[in-house]
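Notes follow the structure.
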Amino acid sequence: MTSPFRASADTPADPLDALAERLGGIAYGGDYNPEQWPSEVWQQDVRLMREAGVNLVTLGVFSWSRLEPRPGVHDWDLLDTVLDLLHENGIAVDLATPTAAPPPWFTRAHPASLPQNASGTRLAHGSRQAFCPSSPDYARAADAVVTALAQRYATHPAVVLWHVHNEWGNHNALCYCDTSAAAFRDWLRRRYTTLDRVNDVWGTDFWGQRYGDWEEIGPPRETTAFRNPGLELDYRRFSSDALLDRHRAESALLRDLAPGIPLTTNLLGTLEKKVDGHAFARHCDIVSVDHYLVAADPGNHVDLALNADLARGMAGGRPWLLMEHSTSAVNWQPVNVPKAPGEMRRNSLTHLARGADGILFFQWRQSRAGAEKWHSAMLPHGGTDTRTWAEVTALGAELASLAEVRGTRVRADVALLFDWHAWWALELDARPSERLRHLDTVRDWYGALWDLGITCDLVAPDADLTPYRAVVAPSLYLVSDSDADALHTFVRGGGHAVFGPFSGAVDAHDRVRTGGHPGAFRDLLGLVVDEYLPLREGESALLSDGSRAGLWTERIEARGCTARLRFADGPDGGPARGGPAATRHSYGAGAAWYAGAALPARSLRDLLDAVCREAGAAPAAAVPAGVEAVRRSAGDRAYLFLVNHTDQEATVPLEGHTRLDGTALPGGASVPPGGVVVLREQAAPGREADRR
Ligand code: GAL
């Protein structure tokens, strides 16, 4: 795989290594917004940061209106003072470009730069990210402030990392204004060259939509009935690319004006459907992500693990930074429940277990005003005499004691394919079932692997698959020809690949692959799907293992595959009664597996267990249910993280492990309820050497 990291003379060979050396260990800190507080508070801030073990803060994320109070007029007093103060106190800075919050004067002067929604309404100023990604006025103003910032602080000793923008596309990814329309047409011309090709890939002869002039093409604004799905899919690609262009433009300025300082941007993982996270990650020196738990979800720790594994996948297996999470409650869910005692530590160490080399929060000091004043922070409204503060200082000390773990890697035997393009396509209008949702399926499949204790990297379908024994593709409705070819090659060479329902049905343009479903994988799987048979709410189909599939079934005709699971005979078996529900097909030196149903948890676990066993992918350790075991290693150093998500003490029989202080563990480790232990492993003979 080509490394997502830029290798150039400007940045150190491994930017995260260099950063960690500078920080003296694992990064710890959060967003610091001193502009919200009088200057007297800043001294107290840095004193308390030191007390908490903070070594890195993200500064200036939304500070544009302070830094440039009038067009072209800069006021650096605040940043000058705070950067010096932080530096004097040994706290390094991840300096943000402030472009996620254009100032009021900017939008007043350029009202056409405000984004427009699909029904033609211009959104007003007064929140954040209120700009059209294609606005030339925004681009000019953003480039100017980034240039000024980089010129001023390129050599400031506190600045160790650039934080480009903030969560690209979180609020404004899809804009439907005339400027976006023109930029979309340019994007189409570059991608397809001729209008004939556009007509072809979008299938515009359907409903007489054939275009005769580029100017006839516009964004997928609100229409009388279904819009053209090819156009909608390409509009999502264009919109993601428009923001990526902004990311690249800011990055180019920073690289040029401040060579040697690596850059990152805080990606949103599965929190954000609208931008292609893999594409942005390829343009970062260090990958960082934000993750927030859905408090009402009892399985939210599995979503946390999923997103951590996605961060690692986006980082090409290297360590990454958790740029934001919360110490306790957020303020944007319907009911914002604080984290339970110990939960913040458990969350943080789980991210660490899965490859994070930095644990940061939104934000350092809880705001007293503004839209996020009820969002938790490292230093709460109540100050230092609070439970949160006690946990924050304890975590800082613990991370310092875990410094030796940084730089080690999580090595997964299994790749789980996660693709924004397949997500976009599956959830366009007019599908066999609106109930088959991309993220739901991915979560179900990831959850089954989590239950089995199998560590996996979430990677793009075009990732290098050679390091893996098995590839899991839960929801790959759309797949390009080249990615489908790579999967054939992987299996032919001895790998195992398992696909979820409706995978491989369409090409990269959302055109059905005809000749029998799923067109991309028919031969690989040794079967043909005669019909996709979605189920209504409340319906289910009995399976031969006694469980029931809801949501989705398929009528599968075996053409070389063997059925591992069948729909029951008789009416209880649903519309595909008697037919195969899950299959295995030997192909070359490997095997391809298929689930032609939305399998319930138990059946899915059994299927994935069989795939992993045959592929030789094993859990990091044998642990009781509800306990997570993940290994990080480098060379002959290895660490085992055990995370107990149950309310019972867990005993894990182990040999050859010690605590980090060297004390022995006779008979194994015990992990307190809701607790985490980190163990050092003796070099196990035969443990796989670094594969990447
Ligand atoms: C993030 C954002 C932060 C803050 C946080 C609250 O999406 O980057 O600025 O708003 O959410 O959870």
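Cβ atoms are placed via backbone N, Cα and C, with glycine included.
From a predicted model like this one, the values you see are computed outputs, not experimental measurements.
Here the domain 'Glycoside hydrolase family 42 N-terminal' (31-401) has a mean pLDDT of 97 out of 100. Per TrEMBL, domain 'Glycoside hydrolase family 42 N-terminal' is recorded for 31-401.
Feature annotation from TrEMBL assigns substrate binding site to Arg128, Asn166, Trp332. A coil conformation is recorded for Arg128 (substrate binding site) in the three-state DSSP classification, outside any helix or strand. Sequence-distant neighbours of Arg128 (substrate binding site) (same chain, 6+ residues apart, CB-CB distance under 8 A): Phe62, Ala100, Ala101, His171.
Taken from TrEMBL, the feature Zn(2+) binding site applies to Cys132, Cys175, Cys177. According to its DSSP assignment, Cys175 (Zn(2+) binding site) is coil.
If you look up TrEMBL, you'll see Glu167 marked as active site, proton donor. Around Glu167 (active site, proton donor), taking its Cβ as the centre, 21 other Cβ atoms fall within 10 Å, counting all chains. Under DSSP, Glu167 (active site, proton donor) is assigned to coil, being neither helix nor strand in the three-state scheme.
Listed in sequence order, Gly30, Asp31, Asn266, Asp290, His291, Tyr292, Leu360, Phe361, Phe362 are the same-chain residues at least 6 apart in sequence whose CB falls under 8 Å from the CB of Glu324 (active site, nucleophile). In three-state terms derived from DSSP, Glu324 (active site, nucleophile) belongs to an extended strand segment. Annotation source TrEMBL lists active site, nucleophile at Glu324.
Annotation source TrEMBL lists domain 'Beta-galactosidase trimerisation' at 412-616.
Taken from TrEMBL, the feature domain 'Beta-galactosidase C-terminal' applies to 626-681.
Listed in sequence order, the residues of the same chain lying 6 or more apart from Cys177 (Zn(2+) binding site) and placing their CB within less than 8 Å of its CB are Ala112, Pro115, Gln116, Arg122, Cys132. Residues of the domain 'Beta-galactosidase C-terminal' (626-681) grouped by DSSP class, helix first, strand second and coil last, total 0 helix, 32 strand, 24 coil.
The record gives Arg128, Asn166, Trp332 for substrate. Within 8 Å of the mean position of their Cβ atoms, the other Cβ atoms in that chain belong to Ala100, Ser127, Gln129, Glu167, Asn170, His171.
Straight-line distance linking the Cα atoms of Asn166 (substrate binding site) and Cys175 (Zn(2+) binding site), rounded to a whole number, equals 18 Å.
Only Asn166, Glu167 of the recorded positions listed as Arg128, Cys132, Asn166, Glu167, Cys175, Cys177 bring a Cβ under 6 Å of any atom of ligand 1; the order follows the sequence. Across the fold, the C-alpha of Glu167 (active site, proton donor) and the C-alpha of Trp332 (substrate binding site) stand 16 Å from each other. Sequence-distant contacts of Trp332 (substrate binding site), defined by Cβ-Cβ distance under 8 angstroms and a gap of at least six in the same chain, are His375. The residues near the Zn(2+) site, meaning same-chain residues not in Cys132, Cys175, Cys177 whose C-beta sits within 8 angstroms of the mean position of the site's C-beta atoms, are Ser113, Leu114, Pro115, Gln116, Phe131, Pro133, Ser134, Ser135, Asn172, Tyr176, Thr179, Ser180, in sequence order.
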